[in-house]
Amino acid sequence: MPAIPDNPCRVFAGTVLRTRVATEVPDAAVRARVAAEFGLDASPAEQYWRWLLAALRGDLGLSFVTRTPVAAMVLDALLVSSLPAALSLLLAAAAGIPAGVRAAHRPGGWADRLLTGGGVLGVSVPEFVLAPVLILVFAVWGGVLPAVGWGEPRHVVLPVLTMAVYPAALAAQLVRAETVEVLTRPHIRAARAHGLRPSWILWRHAARQGTVSVLSLSGMFVAGLIGGSVVVEVVYGVLGLGRLLYDAVLAQDLPVVQAATLVVLAIALAGGVLAEVVQLALDPVARDRG
C-alpha cells in the first residue's frame, strides 16, 4: 500500500465524507481513525505480515468502499466468472484440438492454410476489439443475442465466444505443430508399414500424443482467460472477478485489489500444476523423463 500513488487514508476518507474521491486532504483526526481501523499506521513490513497471516485464515479484510468482507465479495464474483471461463475452455478445446489435428493431416493443404490464417487472426485480435464486433453482429444487426446483462442462459453466449477465440486459435496451432512432429516418429512409420489406416493412425495415435503435449500449457490458457475476463466482463456487464478487479482499481479499493490479484495468481498456479499432473498421467514419455 505505501507504494501506491495516493494515500489510502485520503481515499477512504473520501467515502467517509460521502464523496467519491476526497477533494481535500482530510484532517488529522479522520486520517488517524482510518489508519488505525485498517492497520495503515504500521510499517510496510508489519502491514504485509498481518495481511499474510489473516489471508491464510481466510480473512482478506474489509473493502475501503463498501466496508464489507472482501472474501465474500471475491467468492461471489468468482462463482459468476467460473461458468463462462469453464465453458470457454471447453469450447476452445472442442474447436481447437480437432482443427489442429485436421490441419496436421496434410501440411500445406487447404485446411492447413485456412487454420494458419484463422489462427493468426484469432491470436491477434484482442478481446476489446472482438467483443464490440460480436455485439454489433449478433445483438445490433442480428438481434438474436443480448448485448449486455447476466442471469439468463443466452447472456453467456457472447462472453464465452469472446473468451474462447484466443485459446482455441492458440491450441489449434500448438496441436497442429505437435501432431506434425509426432507423425514423423518411427512408431508412426511402423504403423503405416503394417497397413493401418491413415485416419486411424492420425486420430488414435498422433492426435493423442500431440494433444497431451499441449496440456502442459493449460496454465497459460487459464491465465489468459483470467486476463481477458476483465475486458469481457466490463463490456458485457458481467459482475464477475474481472469486473470486481476493474472497479476496485478505479475506486482504489486496495483490499479488494489485493485479494482479487491473489485469487487470480492462485488460479493460474493451480491450473499449471493440474496440467502437469494430467500430462504425467497420460504421457508415458513425460513420466519417464520425470
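FYI, residue positions are counted from 1 along the chain as it appears here.
Here the Cβ of each residue, glycine as well, is placed from N, Cα and C on the backbone.
Note: TrEMBL annotation is automatic and uncurated.
What TrEMBL lists as transmembrane segment is 70-97, 118-144, 214-239, 259-282. According to TrEMBL, the feature domain 'ABC transmembrane type-1' maps to 78-275.
Between the transmembrane segment (118-144) and the stretches 70-97, 214-239, 259-282, it is 214-239 that has the most C-beta pairs under 8 angstroms. Counting same-chain residues at least six beyond the ends of the transmembrane segment (214-239), those with a Cβ under 8 angstroms from any Cβ of the stretch are 77, 80-81, 84-85, 88-89, 92, 97, 126-128, 131-132, 135, 147-150, 155, 158-159, 162-163, 166-167, 170-171, 174-175, 178, 245-246, 264, 267-269, 271-276, 278-279, 282.
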